[in-house]
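**Q** Dumping the structure here so I can ask a few things about it.
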Amino acid sequence: LLLLLEATLLQLVISSHHPFYNGFYYNHIMNDMGNGQDKVDYFNGARLVVETSKDPVYSYGGANVTLPCHYHYEPDLGDKRKIRIKWSKLRDDYTKEQDVMVAIGKTYVAFGDFKGRAHIHKTSQHEASLVISDVRLKDDGKYRCEVIDGLEDESDVVDLRLQGIVFPYQPPRGQYRLNFHEAEQVCQDQGAILANFNQLFQAWSEGLDWCNAGWLADGTVQYPIRVPRKPCGGVHLAPGIRSYGPRHRHLHRFDAFCFSSALRGEVFYLDHLDGMSLEEAKQSCQDAGAEIARVGHLYSAWKFLGLDRCNAGWLADGSVRYPIVKPRPNCGPAEPGVRSFGFPSKGRFGVFCYKER
């Protein structure tokens, strides 16, 4: 019975993949008028209206979030009708959808990464809100709430945005060494994902200025410029996001722009009197019941937790960095930021550790 129900719900996903808007119920009757023309008879009924939040819904990694969606009829039909609800995740260009879940009454099936994390929240008769638990970085994006009642099929879109930070990333072997798939992997290795354009634009509006081009999640290569200058598109171009457009995902090589969300834990600093090698640093974090922090952890702690430390420390990728919230003498440039010493093959430093709460 369970398999039959899941197959039925899956068929609903497939059959309702392309929503349409018809305004009112209609009865399409083709009558032969005897003159080669057909007559179409219509009648007005109740119009189904679906509404979601017009403002973005903000959340962060590891949290639970509710995407609001309500529906009603004009005029009101009074008694509750048996309807079907479908939620899908959209690409930014609306060309493709990822099935999230479908529901009939109190029965629902979630799909893919949303299994066990998504369900319908109903506090009122005409509510179809989606609850996503343990929010993940790739959950960021647009979602379609679709309500199906017989021939009526209406939908609206809500935007889920994760609070986070974009940071540029180069691997130890140097600038412009990553194809698209390698860029995806290095971001994952640093507790992050490839940033999308909206996230990069938000970072640019908050002050990110970076002259090296990097991959974004849609396969384009772009970079944010706040202060126009000759090596970065020229002094006569206005500030903005410079774009190389889509690049070949296997052949072309650039840096990466990674996106990391707020943390579910804490980043802390450890040091020994004479410093530590990278291996000693990893062991020190383990001895403290933690792991050596990744680059995404450090950036998130700097932005969201105000981590400010003028001591350089090892990170998991073999780089040495330190976060500065309040610039001061002997702590680098006059602007806040995460400073980098690169990937030293020798040297003894402290270490930044990460421990989940």
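From the backbone N, Cα and C atoms, a Cβ is placed for every residue, glycine too.
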**Q** What does TrEMBL give as the disulfide partner of Cys211, choosing from Cys187, Cys232?
**A** Cys232
**Q** Can you tell which of the disulfide-bonded residues (Cys232, Cys331) has the fewest other C-beta atoms within 10 angstroms of its C-beta?
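**A** Candidates: the disulfide-bonded residues Cys232, Cys331. Fewest Cβ atoms within 10 Å: Cys331.
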**Q** Can you grab the distance from Cys232 (disulfide bond) over to Cys310 (disulfide bond)? Cα atoms, rounded to a whole Å.
**A** 30
**Q** Among all the protein chains here, how many other CB atoms are within 10 A of the CB of Cys310 (disulfide bond)?
**A** 15
**Q** So for Cys211 (disulfide bond), how many other CB atoms are inside 10 Å of its CB?
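**A** 14, counting other Cβ atoms within 10 Å of Cys211 (disulfide bond).
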**Q** Can you tell me the CA-to-CA distance separating Cys211 (disulfide bond) and Cys331 (disulfide bond), as a whole number of Å?
**A** 23
